[in-house]
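For reference, TrEMBL has these:
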DOMAIN    1-262  domain 'F-BAR'
REGION    281-328  region 'Disordered'
COMPBIAS  287-302  compositional bias 'Polar residues'
COMPBIAS  303-319  compositional bias 'Basic and acidic residues'
DOMAIN    345-422  domain 'REM-1'
COILED    352-386  coiled coil
COMPBIAS  418-441  compositional bias 'Basic and acidic residues'
REGION    418-493  region 'Disordered'
COMPBIAS  483-493  compositional bias 'Acidic residues'
DOMAIN    495-556  domain 'SH3'
């Protein structure tokens, strides 16, 4: 149904209707703005809530209980959920509110243009009507004047007293008025014809065209509102899959709560390693009481029995029973103990964990220093080969600093491993410390091969001699006077795990090496760990490292204390 044919005379009402359409768009846009503000506020409040309840401590210090971990997972999912609410607000901002505001401006401009065209057409028709009306009024006046002049002429013409000149003058006036009336009539007819033509064009062409444009504009407004309604819903619907995943993550976190695991963690976290206190002995204080003769009894208790019944000696503070008094805090408030470097103030199990953690950290730091030293040495080699790229001497202070840091870390590592061995109830044997060092990707001080033979520094690495017809002489390393001070500090000798026969003589000039003659038979006390050196012992008891390629090794099967390094 067309507005132009049905509402040809409702220009003012269409003006009001299109203005209502603009007001409705702006009202809906205001609604969307308030809706996205709610989403933004909601998302912000959710993020603040997550931030408020997130742990302030580092992950290492946080409890490892499944209930805590699940709660943190719920917080993470809620944070992601808040992010989706922000996505909804952003979608509404750009695809709904922003679109509505742009369309509202375009709609206003288009409506103004169409209404101006309608007013111009109406003004043109009004102008044509005024011209026609003016010509009509003029024609009417001329006709009346012509009638008056005719009456005057007829009266004078019939009056016998009237002069001829008066009659002729009245006649001329009558003819003039009649002519003027005829001209007014013709002008009025033309103006009337023109107005009727313009009016037909106005109501059959101009107004229908303008009203059709207004109708199209209003229909587009309706379509645009429908599209924005859809976009409004789509902004919410797009995030539903991700929101569902967030909720599924919360459900999974809830399912991950395991009371049994939490109980085990409590035990592992707080157990002291002490045995429960034993029974207190009965202390008989009546042994020193003297018996009077009036009792009629004579002490006939044998000496052995009396000694057996004698009061127990004063408790030795080192005796396990004396420790029970110190463990009564298990049932009360635990006394505060000073924090010591070796964690000796902690129970055995807790001390072991702390020491192991520190050893791991020192191992990582040592590996970083080793990597840095390797990089510096490689750079130094490049500078030595290509002096134009840089001065190799400039790297020496940094290399020295790195080596100093390595020594400090190794010393600290060795000290902590010694404490760990004490906690684990083991003797600080070479094999145990060596095994611990391999597990942490480094070698503690006093457990390395001869200086320069097993190092991560490629520039200082000792070239392993290869077995050939003519024995090579091992390269001279750059000794570090502090690296092997504790090479043979252990009191307990390492067990023999095999024997070897010298294929070539070896002068053993480096510190920590062993002089070896041709065909000499030695005991193997430590295998080659991949650096080309084997630790051996002479018949006289002297120990040291010899090149692996210089000897023929025979390992003993099932030898106690044998340690193999891969």
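Heads up, the Cβ atoms here are built off N, Cα and C, so glycines get one too.
The helix, strand and coil residue counts that DSSP assigns across the domain 'REM-1' (345-422) are 72 helix, 0 strand, 6 coil. Here the coiled coil (352-386) returns a mean pLDDT of 88 for the predicted model. Taken residue by residue, the domain 'SH3' (495-556) breaks down under DSSP into 3 helix, 29 strand, 30 coil.
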